[in-house]
Structures are given as structure tokens and as C-alpha cells.
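**Q** I have a structure here, written as C-alpha cells, and I will follow up with some questions on it.
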Amino acid sequence: MKLLILTCLVAAAFAMPRLHSRNAVSSQTQQQHSSSEEIFKQPKYLNLNQEFVNNMNRQRALLTEQNDEIKVTMDAASEEQAMASAQEDSSISSSSEESEEAIPNITEQKNIANEDMLNQCTLEQLQRQFKYNQLLQKASLAKQASLFQQPSLVQQASLFQQPSLLQQASLFQQPSMAQQASLLQQLLLAQQPSLALQVSPAQQSSLVQQAFLAQQASLAQKHHPRLSQSYYPHMEQPYRMNAYSQVQMRHPMSVVDQALAQFSVQPFPQIFQYDAFPLWAYFPQDMQYLTPKAVLNTFKPIVSKDTEKTNVW
């Protein structure tokens, strides 16, 4: 074992100087190679620099070209924008002019429409007036024709009115005849009481009725106003109001109003003569008028004059 170790050591000792020499040789060779490579590498470096510079120049040229193109495009775009703005301005001005022209046209159209409406209304009014005038002319012609035909009608009416006038005259003349008949009957009854007793009760009642009718006719015709050919209903109400105001203000009534009041206030008609029965058998003919003031005065409370001075507890 010892021998083997020794041999290994000897071999290692012998091998050590050789490796050093080899390393020295290798370092020298490397230096030589590096120097030669440097000699050869110098033109390559220069070439690379030239290529880099050339590339840079190319890039600069490309950039300048791109800038020129961008400038050209910008100029074209600005020109296009200017043209578009000019066109827009021209279109706006033209549209404004058109709108300004259109606004008066619209107003003119409205005015024309209004004038047309007014003309239509005036035409309709004229047509209506023309129709109305035609109707008036027809009515006037009809009236004229009726006026030409009226004389015959007036004559007929006068013929019809003549008997009525005669009747009115006879009615105004009748009271005296009736009064004469009543006086004659009273004289006969007063002079011939025996004959009146011999007459039957039926005949007496008929005579009494005739006398009563004659008296009523005489009274009615005394107070009956004159008959007029025309009747005015609006004159009736003022007459009633005047009569009521006379009663309310306690003015003395005329004889005609008293007779009319007696005649209208009778609750039952008078059938028999005044001398046939005693006075208590007849109904009263005069009625007392009651005014609203007299009725209201009855309900006023009676109070002494010193009521204001007295204290109410």
C-alpha cells in the first residue's frame, strides 16, 4: 500500500511542471490570437459603425418623408376643412336667405288664406242679404195683393158690425124700457091687491123673476162701460191697481166703483123682489174691505213710553 502511495506521489510530482508549461504556452497562444483578432476586428467595427450611421440616415430620411407626407395630408385636410366650412357657410347663408324668403312667403300665404276666408264670409253675408231682400219683396207683394183684396173684406166686416152697433144702441135704450115695465108692474100690484092675491103662486114667481131680470139688466147697463171695437188687455191691470190703491189709502170710492163692488161681491144672486120677504131674509150686499195695514196694526205689542228708561234685571 505504501508503495502505491509513493508511486502516486512521484507521478504527481513529475506531472506538475508540465501543466504549468502548458498553461504558459496556452496563455501565450491566446494573447497572440487576441492580438490577431483585434487586428482583424478593427475594420468590422468600422463597417458596423458605417452601417449604423447609414441606418440612422435612412431612418431620418424616412422620418422626414413621413413628416412631409403628414404635412401634406394636414394641409390637404385643412384645405378640405376650409372648403367644407366655406361650403357650410355658403349653405347656411343660402338656407338663411331661403328661410328669410320662405318666412314672407308663409306670411303672404297666411294673409291670402285670411283674405279668402273674409271674402267667403262676405259672399255668404251678401247671399243671405240677397235672399232676405227677395223674401221682403215677396212679402211686400203679398201685402199689396192682400190690400187690394181687403176692401171687400172691410165691407163684409162693416156689414157684420152694423148689427152689433144696432144691438148696442138697443141695449143702451133698454134700461128705460125695463124701468118703465117695472114701474108699471109695481103700480098694478099696488092698485089691484085683490087681483094679485087671486094670481097663482107660479105666476107670481114668474112675474117676480121677470122683474128681477129687468132690474139686473138695468143695473148692468148703467155701470157697463161703452163697448169699443179694440180690446187693450194691458189697460186692465192699471185699473185694478188703482182701485186697490184707493182702498188701501182709504180714499173715498166713486159711485160707479161702489156699485160695481156691490154687484161683484154678492155671494149669491138675488132671485126675489125686495118687498116679497122681510129684511132679515136677505144676504148682505156691502162687504167691508180689510187692508193689510189695518191687520198688521192689530198685532203690534202695546208698550209704555217709559220702557227705555226702566232697567231690566
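Note: Cβ is positioned from N, Cα and C throughout, glycine not excepted.
Just lifted these from Swiss-Prot, have a look:
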COMPBIAS  77-96  compositional bias 'Low complexity'
MOD_RES   Ser90  phosphoserine
MOD_RES   Ser91  phosphoserine
MOD_RES   Ser93  phosphoserine
MOD_RES   Ser94  phosphoserine
MOD_RES   Ser95  phosphoserine
MOD_RES   Ser96  phosphoserine
REGION    77-111  region 'Disordered'
REGION    135-224  region '15 X 6 AA tandem repeats'
REPEAT    153-158  repeat '4'
REPEAT    159-164  repeat '5'
REPEAT    195-200  repeat '11'
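Locate each feature and note its surroundings.
**A** Listed in sequence order, the residues of the same chain lying 6 or more apart from Ser90 (phosphoserine) and placing their CB within less than 8 Å of its CB: none are present.
In this structure, Ser91 (phosphoserine) is part of a helix by DSSP.
Long-range neighbours of Ser93 (phosphoserine) (same chain, six or more residues apart, CB within less than 8 Å of its CB): none.
Taking Cβ-Cβ distances under 8 Å and a sequence gap of 6 or more within the same chain, Ser94 (phosphoserine) has no neighbours at all.
Spatially close to Ser95 (phosphoserine) yet at least six residues away along the chain is no residue at all, judged by Cβ distances under 8 angstroms.
On the 0 to 100 pLDDT scale, the model's mean across the repeat '5' (159-164) is 55.
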**Q** Taking the Cβ of Ser91 (phosphoserine) as the centre, count every other Cβ atom within 10 Å, in any protein chain shown.
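**A** Other Cβ atoms within 10 Å of Ser91 (phosphoserine): 11.
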